[in-house]
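A.B. asks: The following block contains the structure, expressed as structure tokens.
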Amino acid sequence: MINSFKKLIILISLVIILLSSNNIFIDSFKIPVNQKNVKSSGDSSYQIGAGIYDITGASAEVNLMGYANPLQVGAGIHFRQRARAFVFVDSNGNRAVYVSTDSCMIFQEVKIHVVELLQDIFGPNVYTEANVLLSGTHTHSGPAGFSQYALYGITSLGFYKKNFDTICNGIVQAIVKAHKSVQPANMFTETGELWNTNINRSPFAYDNNPEEEKAMYDSNVDKNMTVLRIEDMNGNPFAAISFFAVHCTSMNNTNHLISGDNKGYASYLWEKQVNGPGTAGKGPFVAAFGQSNEGDVSPNTRGPTCRDGSPCDYKTSTCNGRNEECWSLGPGKDGDMFESTQIIGGNQFNKALELFNNASIQVSGPVQYRHSWVQFTNVSVEPPYNSGVDNATTCRGAMGYSFAAGTTDGPGAFNFVQSDNNTSGNPFWNFIGDFIAKPTPDQIRCQSPKPILLDVGMVEPIPWVPDVMPIQIVTIGQIVLVAVPGEFTTMSGRRLRNSVREIIGESIENPIVLIAGLSNTYSGYIATFEEYQVQRYEGASTVFGPHTLGSYMQEFGKLAQSIVDGTTVPAGPTPRNLTGHTLFFLPPVIVDAAPDFDDFGEVSIDVNLNYSVNETVSCVFYGGNPRNDFMIESSFLSVDLLTGTDQWTTVLDDGDWDTKFKWKMHDLGFSLITIEWVIAPDTTPGTYRITHSGFAKKNPFSSNLTPYQGISRNFVVQ
């Protein structure tokens, strides 16, 4: 075990010099809401509840999860991240819960611990691993450190239990809220196409799929969005769930602020339009924009270009042989990542609202679910799922060379390129890979044509990636949620949906099969057998080898058949418990300091006296390290409006889009907190102030924290 930790430390050191970054900026707009009611039938189809809770982790000094860029360390909050939970109960008392979280993914240990906490509250039979479905939106702008597996904790310097607990507790509290708010309800659904919002970032790999299969579809990405409208017995909507495939990478790897990215922004827009100002993350209306098969799907709709404006190489996504020079830009002006987030999130919101208002297909039928754990390192893949290969099996986990190349959403560094099938590789990186774990001849054959860079499944005594996968299907009437533990590419998702639909259609009329992406654990990417052959990023990150998709189709097919037959499925092997086998190398906050003659909360640079709309208010405070207290269900800032004699009303906080909370460590060792507010055009004229709240650790020999607050001088918005 010690040798494994030494190897991890050495790899961390190498990774810290591996990746590079770039720069980009902001704007904002408002989107009008035009809601209407759809008349419900007289009888309730279900009992449904919805809940929302804060899961925002450390906003300072912790690496952000997603791009694996060690230089992308958190330094504040743009807007908070939430868990949105929906409990469904049918007339027979069968229940299931779907949770969409503003997190990069759901890790195995998160799902297991959430179920443990729920069973502590409700007993062993209400919420189980079988009827709890947890899904991440895949934002790349949330704090990392919440996985116990080494590969996903390298750039975060290990497992940060405080982040892990924040996410788990937030999910549980969202479910508790949903559980307590269950009421007679009806659900309606509608599906439509959303364009100008996603593109395929690996068309070279997609094009390797069979011509007759590609001819079945109008695009190389899924354009369908499906929306679930949930309303009470008076026809008043209180929740919505949308499913649409697009990466949450509108915010690029130069961003250092916590953000829900485009899907989080879409949720924020809808909830705020319905619930009103000053209600970010508070409900009662809850809107989730769930993830789907986004593996090769980018929101950066301008596509990849070289920095000089010339096109990137189609096969390798390089410029003059270097992948660092090939970037995809979003639709914002000059590629502005904040504006791009608004546009892509706004597009999803607008389409979802349109479908929501026109939803006419009533959802009815029982709540059902099946769940199995499957050891995925040696699954025998049988026809028709074996791609015509005899004795097809999955492999122990491995990452290919193109994994290190990154994608056009966030390129890697050095001499790695996509579509690299060169098994001789680079002697230096071969040495590094062999140092971690040297691939065996059987492993090389099994993973072929992938040239193995990191043999993560062969590391002893504990693999660097999970190898026991949760396979889960949840049905709510004709809605079939296929909970996939990873990132399915466009064509992989289509094949899985089609295969499940064909089976489950024997017992469910006109089933609407939806991929719930990045659910219950994370196992990297799932490319088709054909896409795997060209080894772009998605194929190189298909952990269990070329037959990974076939094995998932086979195992999900077993669950679908079980639902048709009304039978149970085996629980499967118990996944590893890595508690006590993790390390975290980021030092704790020892003590906070403030300049001489100043105290925590004192203003360093005050606001101006007068502002107009579209201007940015800025105030700098001396503060404490935000890692002291994450301010869950609270805020590091408030924008307050004077509404009466000495009466202040908070109109914005750090859960809002128009504000930014920024942290910086001063050279002399104290924290500088900058609060920014971009004044929206519809802002009420009046007298305002900026407030900053936090906790300081004044004594290095005590764990006690001291709350503090700072207030700017008053200013006028005209």
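Note: Cβ is positioned from N, Cα and C throughout, glycine not excepted.
On a predicted model such as this, the values are computed, not experimentally measured, just so you know.
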A.B. asks: Considering the residues N422, N704, which is the one that Swiss-Prot annotates as N-linked glycosylation site?
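C.D. replies: Candidates were N422, N704; Swiss-Prot attaches N-linked glycosylation site to N422.
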A.B. asks: Could you tell me the C-alpha distance between N224 (N-linked glycosylation site) and S298 (active site, nucleophile) in angstrom, no decimals?
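C.D. replies: Cα-Cα distance, N224 (N-linked glycosylation site) to S298 (active site, nucleophile): 15 Å.
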A.B. asks: Express the distance between the Cα positions of N252 (N-linked glycosylation site) and N358 (N-linked glycosylation site) as a whole number of Å.
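C.D. replies: Just about 34 Å between their Cα atoms.
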A.B. asks: Using Cα coordinates, what distance in whole Å links N614 (N-linked glycosylation site) and N358 (N-linked glycosylation site)?
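C.D. replies: About 35 Å separates the two Cα atoms.
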A.B. asks: If you count the C-beta atoms lying within 10 Å of each candidate's C-beta, which of the glycosylation sites N252, N358, N391, N610, N614 ends up with the smallest number?
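C.D. replies: Taking N252, N358, N391, N610, N614 as the glycosylation sites, the minimal 10 Å Cβ count falls on N391.
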A.B. asks: Helix, strand or coil at S298 (active site, nucleophile), per DSSP?
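C.D. replies: Looking at the DSSP assignment, S298 (active site, nucleophile) belongs to a strand.
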A.B. asks: Which residue, out of the recorded positions N224, S298, N378, N577, shows the minimum number of other Cβ atoms inside 10 Å of its Cβ in this structure?
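C.D. replies: Counting other Cβ atoms within 10 Å of each of the recorded positions N224, S298, N378, N577, the minimum falls on N577.
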A.B. asks: Work through the recorded positions one by one (S298, N391, N610) and name whichever has its CA nearest to the CA of N577 (N-linked glycosylation site).
C.D. replies: N391
